[in-house]
Amino acid sequence: MVHDDKTAAGKTFNHIIVEKACETYFLFPGETSMGDGFRTFFYFLALAYCFIGLSAITERFFRSMEHVVQQTRTVVEIDPRNNTQRVRHEKVWNYTIADITLLAFGTSFPQISLATIDAIRNIGKLYAGGLGPGTLVGSAAFDLFPIHAVCVVVPKAGEVKKISDLGVWIVELFWSFWAYIWLYIILEVWSPNVITVWEALLTVLQFGMLLVHAYAQDKRWPLVSLPLDRSERPEEWVPAEKGIADIFSIHQGNAADSTYQHLPLSDPSDKHFDIYPESDVASIWKHQFVDALMLDSTKLRDTNNRGGVGGGVGWAKVFWNVIVAPWKLVFAFVPPYQIAHGWIAFICSLIFISGIAYIVTRLTDLISCVTGINSYVIAFTALAGGTSWPDLVASKIAAERQTTADSAIANITCSNSVNIYVGIGVPWLIDTVYNFIAYGEPLRIENAEGLSFSLLVFFSTSVGCISILVVRRIVFGGELGGPRVWAWVTCAYFMLLWLIFVVLSSLKVSGII
């Protein structure tokens, strides 16, 4: 009887905790008086709108990154034969380092920001928050499966794009796999269910080791590089744009061609960049605001003149521009890319991404509270997909505009490495150092068993994904594109692997299996 009383008291206590937590609100106190169903719908809608914002700012981030990578330096060489000077312009950024740092780190910044915010909120607690690690592991699965699924069907029918520097990709792939093996080791083998300062520090330092190893492979340093030849790759990191904007581009069928005609939607202000000289930055910045507030009359006129499917596409463009208009206005404050080789725009884009990540963190807490869904489940699904949207956008753009598959696929493998070495390593380092100084205790991981199980599922399914990429290179001559039917079959297979990961991981962390 006493046991039953304790059980009842425990249930009452848990109920009180839930009720108290759900008294929090997002915008105004009146939210707490609304029904749970309406609040859930409202918070999920707000979460989706944040993900749209992430897509919009990612396009600006990608453009700023292009300007950074295009930076050159002047090199003067003396010809020893006739003692004449020869001036040439040399790229400042190395292909491989740009892929790992600018592209992979930048597109993974939403997850990194979210995990860091989660860690800072948990400073002083013995247990680490589950939102950050869950999101980053779920993001790894989203990067590897759905993004590969999109990239493999992006090239035109019959067009094949392959990795030109196979050695660099193998190095990046090794560090990507090792990142998740390492995470499993420190969670389950060395110090089960706890993270020490040294484990967190070693996790972060391995990002530097990845950079050195990848650069060594790119430069073919003896003894530490694989003896694999590099096929020809383009001079420019990203060729000139062909009117393809982002993953939300609306496609119009073309009767004369079995492929699609891409209609640019994102960042229409770029058309003004050819009108104004680079020195007239104020005019360019002004037009960012003008274009954010106005929908071109030509678009409306084209919409009215079209009929049938074309008219539907036109109205969809108008509707989409109305939805993203508030985000465009906010992001118009990002300075033009022409300033300081794009660095200021690059940094400002990351700041905006961090702001959106903070809002996403709050919304996720509210959704978990109102619905009672395990926060890990939300992290594996909604948060992983939403915060990985910049990865999807960047890889899709690279798969469309680059003549090789290097950056599109490197962004996936490198992002997964960044997720662990930086996205989990830095937040855990913050919390472990604080706990060590304040309490002399390590950082404890809540539901470490569920997280470790997810790592095993991810590793198993990722082997199936990489194996198919290898088969495609042998059979079709490249990882992306090829015969249309087989491209879509590969796409479906990758999506199936992702569903397997999400379902099994969610069932485990929820205690169902």
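For all residues, glycine too, the Cβ spot is worked out from N, Cα and C.
The transmembrane segment feature in TrEMBL is assigned to 40-57 (among others).
Residues or ranges marked as domain 'Sodium/calcium exchanger membrane region' in TrEMBL: 43-215 (among others).
Residues annotated as transmembrane segment in TrEMBL: 166-185 (among others).
Look at TrEMBL and you will find 197-216 (among others) tagged as transmembrane segment.
Proximity of distant same-chain residues to the transmembrane segment (340-359), defined by a Cβ-Cβ separation under 8 Å and at least 6 residues beyond the stretch ends, is recorded for 46, 50, 53-54, 57-58, 60-61, 63-68, 70-71, 102, 106, 109-111, 113-114, 117, 330-331, 333-334, 387, 390. The feature transmembrane segment is assigned by TrEMBL to 340-359 (among others).
Positions annotated as domain 'Sodium/calcium exchanger membrane region' by TrEMBL: 342-505 (among others).
Counting only same-chain residues 6+ beyond the ends of the transmembrane segment (366-386), those with a CB under 8 A from a CB of the stretch are 18, 21-22, 24-26, 36, 39-40, 43-44, 47-48, 50-51, 54, 110, 114, 130-131, 133-135, 137-139, 141-142, 146, 360, 447, 450-451, 454, 502, 505-506, 509-510. Sequence annotations record features per position, and here TrEMBL assigns transmembrane segment to 366-386 (among others).
Per TrEMBL, transmembrane segment is recorded for 451-474 (among others).
Per TrEMBL, transmembrane segment is recorded for 486-507 (among others). Sequence-distant neighbours of the transmembrane segment (486-507) (same chain, 6+ residues past either end, Cβ-Cβ under 8 Å): 137-138, 141-142, 145-146, 148-150, 152-153, 155, 374, 376-377, 380-381, 450, 453-454, 457-458, 461, 464-465, 468, 472, 476, 513.
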Task = State the non-local partners of the transmembrane segment (451-474) in its own chain: residues 6+ outside its ends, Cβ under 8 Å from one of its Cβ atoms.
result = 130, 133-134, 137-138, 140-141, 144-145, 148, 152, 162-163, 173, 177, 180-181, 183-184, 187-188, 376, 380, 409, 445, 482, 486, 490, 493-494, 497-498, 500-501, 504-505, 508-509
